[in-house]
Amino acid sequence: MSGTPVIGVLALQGDVREHVAALAAAGAQAVPVRRTQELDAVDALVIPGGESTTMSRLADVFELREPIDKRIAGGMPVYGSCAGMIMLATEVLDGRPDQRGFDGISMTVRRNAFGRQVDSFEAPVAINGIAGEPFHAVFIRAPWVERVGEGVEVLGQVTDGPSAGRIVAVRQGNLLATSFHPELTGDVRLHRYFVDLVRAAA
Ligand SMILES: NC(=O)CC[C@H](N)C(=O)O
């Protein structure tokens, strides 16, 4: 890709603005996506943090489910944070019975997994492939990954405390997901990593 990649942020619900700002700071042109025509115009998509049950319902209301699944099947890069990670999981534990994600990463996630201990917390998390200090990872009623399928690369795990060893960042081909919210901390390395992925995929 020669020009600036155009990256959509799924704008059904959640912290859309924060992702738009982080993507812009990481060198992309970021646009909210709520309609299929807007989806057609982007090179890649970010699914923000928020509430996956609501996002699942709105994906149907806005008739975006099938178009997004089609783009994913066609190789469109997608990055999901927190609720976005849940929306990218092929299997969800502790979900609402009617909630459904996209045809995304071959993994099982547990919703509100850390929430049994505390609602939100922060921890250092090192990400494979991203140089420098570990991320100051912010978890808010976050999921963790309980199982990954073939072809899924584990990029980050919690290192200390009662949740040590829990998987919180994964990648499968052009699909990327984190349990935490880099869009909230002003550290744009993960968004830059995604922008690089989008350029490489083009
Ligand atoms: N911060 C978040 O995105 C929380 C995710 C939320 N608990 C869900 O299940 O969708």
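Note: Cβ is positioned from N, Cα and C throughout, glycine not excepted.
Remember, predicted model here, so these are calculated numbers, not experimental data.
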Of Arg110, Arg111, Arg166, Arg171, residue recorded by TrEMBL at the L-glutamine site of Gly50, Glu51, Ser52, Ile140, Arg141: Arg111
Additional residues around L-glutamine, ordered along the sequence, whose Cβ is within 8 Å of the centroid of Gly50, Glu51, Ser52, Arg111, Ile140, Arg141: Gly49, Cys82, Ala83, Ile86, Asn112, Ala142, Pro143
